[in-house]
Amino acid sequence: MTITINNYNNDKKNLILGLTGSVATIKAKLLVEQLIQHFNLIVIPTETSLKFLSDQDFEFISSKCKIYKDKDEWENVDLLKRSALHIDLRNWANSILISPCSANTLGKISNGLCDNLLTSLIRAWDYKNKSMILAPAMNTMMWENPFTFKHIETLKSISPNVFIIDPIEKKLFCGDIGMGAMEQVPKIVDFTINNLK
């Protein structure tokens, strides 16, 4: 399988938006609304992220851009053409934005694990020529955990094309007040525009 971009405006750059299992995924519709003004967009939600998307939001997103889920990786394997979806996605994209990036996904990708479509794409990413932008979102204690610091430092050490959009302090979904909320959507979009490879 090779990804076609016939439905896209080819003067725009190609961006993949990864959604992960954080409650901040409820902002995905707003993020997509703003990103599609600037980029050709493909969305890759993890299975856990889908629990935070309403049916209406999923329908809206799928009406604006292509969505690839974990099952698509295996349904589209073409051994004769020696094609894999995560490789086709990497070849298509100029950049990837993972927003929100959960503690779980952050830990996986910083340790090279690749057990779903999104993390397989990250494992095969071209860090020399393409940017990867992460917008973490998690509980304050998870954000302040020493493992989180190590994971972020590991990713930053891979390439100057890896960017972290630090979370902000506010009242979190769990009721705690502290650092860990995903940055505001307009700031994430602006950062992505300015740091796209």
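Heads up, the Cβ atoms here are built off N, Cα and C, so glycines get one too.
Pulled from Swiss-Prot, these are the features on record:
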- F52, S102, A103, N104, T105: FMN binding site (BINDING)
- N139: substrate binding site (BINDING)
- C174: active site, proton donor (ACT_SITE)
Legend entry - Other C-beta atoms that fall within 10 angstroms of the C-beta of A103 (FMN binding site): 22
Inset, instruction - Output, ordered by sequence, the same-chain residues six or more apart from N104 (FMN binding site) with a CB under 8 Å from its CB, or 'none'. - result: T20, G21, T48
Inset, instruction - Report the residues of the chain - excluding F52, S102, A103, N104, T105 - with C-beta within 8 Å of the mean position of the site's C-beta atoms, for the recorded FMN site, in sequence order. - result: T20, G21, S22, T46, T48, S49, P100, C101, L106, A137, M138
Inset, instruction - Starting from each candidate's C-beta and looking 10 angstroms out, tell me which of the binding-site residues S102, T105, N139 has the most other C-beta atoms. - result: T105
Inset, instruction - Output, ordered by sequence, the same-chain residues six or more apart from F52 (FMN binding site) with a CB under 8 Å from its CB, or 'none'. - result: G21, S22, V23, A24, T25, I26, A28
Legend entry - Inter-residue C-alpha distance, A103 (FMN binding site) and N139 (substrate binding site) (nearest angstrom): 9
Legend entry - Residues F52, S102, A103, N104, T105 binding FMN per the record - widest CA separation, whole Å: 16
Inset, instruction - Could you measure between N139 (substrate binding site) and T105 (FMN binding site) for me? Cα positions, answer in whole angstrom. - result: 14
